[in-house]
Amino acid sequence: MEYRPMPYLIIDSHCHLDFPKFNRDREETILRAREAGVVGMINSGISLKGNRMSLELAEKNADIHATLGLSPDIGRGGTDKEIDAILAQITANAGKAVGIGEAGLDFQDCKTNDERERQTAAFKKVVALAKDLDKPLVVHARLAEAEVLKLVKDIDTVIYHCYSGSVETMQEIVDMGYYISLATLVCFSKHHQDLAKAVPLENLLLETDSPFLSSRKGRNEPAFIVDSVPVVAQLKGIDPAEIAKSTTRNARRVFNI
């Protein structure tokens, strides 16, 4: 499989190397990313086990950085005990993490008002933690981009991971000084290509959201971030090296790495 190493360096701003789909070749996946020119990977935990594995990956690899989160699915369907345990875990390990998240609202999967309310209540607790800990907040927002924005307005640094909302809401997000992270969906989705054209370069991050949303057949992985760079460069009429440089600079600033 071709990985097309780039003549410039880049950071994958959101991936899930802790997920079971990497159990057979996790170390090889990390090596392939490095060979492709990926100099940093932000591994986003979403559960008690995932947060623990993210911390372990960051401890073992200088180029992997952990964020600690609580998935919208757990917010919607988890027990109070499970949610409280994750919040306690985040608090206890915040010093080892570069951010809080991912966490947020996913109204696509909420079937009832009660599920929305439970999910929102859990997310509010994560937002409060991010504020108290003075950490960047990585948000998951699906069919709830505007609702999330109302809840995070007191947070200094917010990253909308895998943003898929409207251009209009995106403009409101960047007007707040927040960041839009575009996944490898941008390689084939017209909507995400329209977003790439519209988002200011100073507010743009690039991610794979591995193992999901692959630009190639099969499982996604951090090495495939190389596919997004020339696509975004062409859409914005900017040299690929500048896209890589700017998004990498943004990621370093956002996560203080």
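Backbone N, Cα and C define each Cβ position, glycine as well.
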Among GLU102, GLU115, GLU117, which residue shares the divalent metal cation 1 site with HIS14, HIS16, ASP209 according to TrEMBL?
GLU102
Show, in sequence order, which residues other than HIS14, HIS16, GLU102, ASP209 on the same chain lie with their Cβ within 8 Å of the centre of the Cβ atoms of the divalent metal cation 1 site.
CYS15, SER44, ILE46, VAL138, HIS161, CYS162, GLU207, SER210, PHE212
Under 8 Å Cβ to Cβ from HIS161 (divalent metal cation 2 binding site), same chain, six or more residues apart: give me those in sequence order, or none if nothing qualifies.
SER13, HIS14, SER44, GLY101, GLU102, VAL138, VAL139, HIS140, SER181, ALA183, GLU207, ASP209
